Amino acid sequence: MSRISILNVSSSRFILTGFPGLEVHYLWISIPFSSIYAMVFLGNCMVLHVIRTEPSLHQPMFYLLAMLGLTDLCMGLSTMYTVLGVLWGIIHEISLDSCIAQSYFIHGLSFVESSVLLAMAFDRYIAICNPLRYSSILTNDKIMKIAVAILCRSSLLIPPVIIRLKFLNYCRPHILSHSFCLHQDLIRMACSDIRFNSIYGLALVISNLLLDAVLILISYIMILYAVLAIASREERIKSLQTCVSHICAVSVFYIPIIGLTMVHRFGKHLSPLVHVLMGNIYILFPPLMNPIIYSIKTQQIRRRVQRLFYLKRM
């Protein structure tokens, strides 16, 4: 046992954790996970294909939805190799450089998704509160600028804290909590001064995820205030229905993040299986659910998907 610990401390490779205690069942566990990844890729590719090929969907709302689908697709790609690799017995460990790269993409894509959800909330606010000015405010040029701003915000703020991971001294056993790499997992194993990573990482979370959540909440308070001012009950319901898909997407993104944070912060006494399960829900639940939500709740997407499957059957 001590030999394994010494090897873990001195090595530059990190052991990936699958489902502790269920190793003999990995082949069976890999079946639902493989199905989930297949649904993530097929669902998001279908949404992207529908938006690209249907001229009537070339609108700001659907451009933002395409950004959300592309982000979810990339999130699936960034974790599939290690998650399925562990379950299939192909890989058991990952190098520091690969771990840092994967951590960058996971956290960066989470910030992108949060930013896109905020932009979609702004889109719904303009559509409901200023419908006559919607086309003049959210032009294609504005959407392009919003997309560039989202990418810059999410990709340029993370490198300082991620690059520093390369220069930390990892003297504790190199055993990751999940079958993928997270920033908080790596600094947990470091014996170097991690104050910069801790403070900067917290600032990133506050300035991105927390701020976005607050702004989304404020936008919906203003939307609700505007909707309640509408005299007709039917018009109020119709206006609110346009927000249902986005509210669901916000819920499936933020609820797993809150759950994972609570487990990491207060669930140290819980089984490692709970930590692994929450980590996989955080990674896979939004990419899996978003195509389903928008295919069911968004009428234009639903009709186009139905037409697509009907033509294939023909």
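We number each residue from 1, going along the chain as drawn.
Every residue gets a Cβ built from N, Cα and C, even glycine.
What TrEMBL lists as transmembrane segment is 26-51 (among others). Here the transmembrane segment (26-51) has Cβ contacts under 8 Å with residues 18-19, 57-58, 62-63, 65-66, 69-70, 72-73, 76, 80, 83-84, 86-89, 280, 284, 287-288, 290-292, 294-295, 301, 304-305, 308 of the same chain, all six or more residues outside its ends.
According to TrEMBL, the feature domain 'G-protein coupled receptors family 1 profile' maps to 43-294.
The feature transmembrane segment is assigned by TrEMBL to 63-91 (among others). Proximity of distant same-chain residues to the transmembrane segment (63-91), defined by a Cβ-Cβ separation under 8 Å and at least 6 residues beyond the stretch ends, is recorded for 16-18, 26-27, 29-30, 33-34, 37, 40-41, 44-45, 47-48, 51-52, 102, 105-106, 109-110, 112-113, 116-117, 119-120, 123, 140, 143, 146-147, 150, 179-181, 249, 280, 283-284, 286-287, 290-291, 294, 298, 301.
If you look up TrEMBL, you'll see 103-122 (among others) marked as transmembrane segment.
Here TrEMBL flags 143-163 (among others) as transmembrane segment.
Long-range neighbours of the transmembrane segment (199-231) within the same chain, counting only residues 6 or more positions beyond its ends whose Cβ lies under 8 Å from a Cβ of the stretch, are 110-111, 114-115, 117-118, 121-122, 124-125, 128-129, 153-154, 157-158, 160-161, 183-184, 187, 239-240, 243, 247, 250, 254, 257. If you look up TrEMBL, you'll see 199-231 (among others) marked as transmembrane segment.
The annotation transmembrane segment is assigned in TrEMBL to 243-267 (among others).
According to TrEMBL, the transmembrane segment annotation covers 273-294 (among others).
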Averaged pLDDT score, the domain 'G-protein coupled receptors family 1 profile' (43-294): 89
